[in-house]
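Structure first, then comments.
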Amino acid sequence: MSQKLVLILNCGSSSLKFAILDPVSGAEKLSGLAEAFYLPDARIKWKLNGEKGNADLGAGAAHSEALNFIVSTILTEDLKNSIAAIGHRVVHGGEKYTKSVVITDEVIQGIKDAAEFAPLHNPAHLIGIEEAFKAFPHLKDNNVAVFDTAFHQTMPEEAFLYALPYSLYKEHGVRRYGMHGTSHYFVSREAAKRLNIAEDKINVITCHLGNGASVAAIRQGKCIDTSMGFTPLEGLVMGTRSGDLDPAIIFYMHNTLGMSVAQIEETLVKKSGLLGLTEVTSDCRYSEDNYEKESAAKRALDVFCYRLAKYIGSYMAIIGENLDAIVFTGGIGENAALVRQITLNHLKLFGYKIDDEKNSAARFGNEGVITADNTPIAIVIPTNEELVIAQDTARLSF
């Protein structure tokens, strides 16, 4: 076992996901979630060396209390002493950050500058960085920021620009940035390994499907397009987000229906997607389990898969070379066999033929090719964003 471990922090506005990984073996020593920050029932749960635990953090507790609890109560002395660096997931790096970086005062300012593009996430990441500096002062120079947007910074101008007045981009940074970059990067590299193709030669379309969902076109190992845009609202149908829609619907909701901007934002971000279409839940498992018996479940899944297939088809065109594979990952991508089946059935024109037995088997941690022999490849690969963060952090710190 490597004696140098990486603590990984993923700070949300009201939660903190954490893990400790060996960046060499990938072994997970600790994982956990602190949630309900600032509320009366703030709490934390964890798994340490296979043993589960949970505790109340106290009314109104937040990031500081959670990290202090991790350090003082959860971590053993040996584990604490083995932490050699800290990796921070940062949602938005703007145009400035195209790769992971050691956190300096300049980087902190860059994360602040990009906060206008991720107003819920980036300020929370900054709190996490500040608290990590306090909790591990001896590791201040060994904190690394890993940006969700970085992998997509290779998109060409024709992919990232909107057809808006160019001044909005030049003066205000209004362009497409994309998200889930760490996941798209990881599974594209894993696909290259499994298919025995060099990382800088792999051509894949990666589908990260979860409560948030996005697809990326990767040509010769580099991202050339992705479905999320200026914010994570653009693109695919998601758990509660609408994805693509006619912008004039917003004018209609405001001018004709009398909805405020705040109400419209809440509708598009929190009340749409699978939740809006089913009028029941944002959980894809409901739509999958009830597909044959509930019209709302069928409606939601059909729209979800149609939108996904349309993106995949368009990305086949822009990759413009032999496509090595379609990759499914994320909670839905890795487990929802019906979603994969319906989506690939839309792509029969391109030769895709699902193997029902392989597709059904590729769930709950099982992976592999799900298409028939001698047909174009679609493959399920579980994502591991934490491992990428750990490896990048180790590479820049050790």
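Along the chain as shown, the residues are counted starting at 1.
Note that Cβ sites are derived from N, Cα and C of the backbone, with glycine treated the same way.
Of all Cβ atoms in the protein chains displayed, 24 besides its own lie within 10 Å of the Cβ of ASP148 (active site, proton donor/acceptor). The annotation active site, proton donor/acceptor is assigned in Swiss-Prot to ASP148.
In this structure, ASN10 (Mg(2+) binding site) is part of a beta strand by DSSP. The Mg(2+) binding site annotation in Swiss-Prot covers ASN10, GLU385 and is backed by sequence analysis.
All protein chains included, LEU209 (ATP binding site) registers 27 other Cβ atoms within 10 Å of its own Cβ. Look at Swiss-Prot and you will find LYS17, HIS208, LEU209, GLY210, ASN211, GLY212, ASP283, CYS284, ARG285, GLY331, ILE332, GLY333, GLU334, ASN335 tagged as ATP binding site, backed by sequence analysis.
Annotation source Swiss-Prot lists substrate binding site at ARG89. DSSP assigns ARG89 (substrate binding site) to a strand segment in the three-state reduction. For ARG89 (substrate binding site), the count of additional Cβ atoms within 10 Å of its Cβ stands at 22 [all protein chains shown].
The number of other Cβ atoms within 10 Å of the Cβ belonging to HIS180 (site 'Transition state stabilizer'), over all protein chains shown, comes to 31. Taken from Swiss-Prot, the feature site 'Transition state stabilizer' applies to HIS180 (among others), supported by sequence analysis.
In three-state terms derived from DSSP, ARG241 (site 'Transition state stabilizer') belongs to neither a helical nor a strand segment and is classed as coil. Just so you know, the Cβ of ARG241 (site 'Transition state stabilizer') picks up 26 other Cβ atoms within 10 Å once every protein chain is counted. Summarising the annotation, Swiss-Prot assigns site 'Transition state stabilizer' to ARG241 (among others).
A 10 Å cutoff on Cβ-Cβ distances gives ASP283 (ATP binding site) a total of 16 other Cβ atoms nearby, all chains included.
Considering other CB atoms within 10 Å as the measure, the emptiest surroundings among the binding-site residues ASN10, ASN211 are those of ASN211. Around the Cβ of ILE332 (ATP binding site), a 10 Å sphere holds 26 further Cβ atoms from the protein chains shown. Rounded to the nearest whole angstrom, the C-alpha distance between GLU334 (ATP binding site) and GLU385 (Mg(2+) binding site) is 14. Neighbour counts were taken at the CB atom with a 10 A radius for the binding-site residues LYS17, ARG285; the maximum falls on LYS17.
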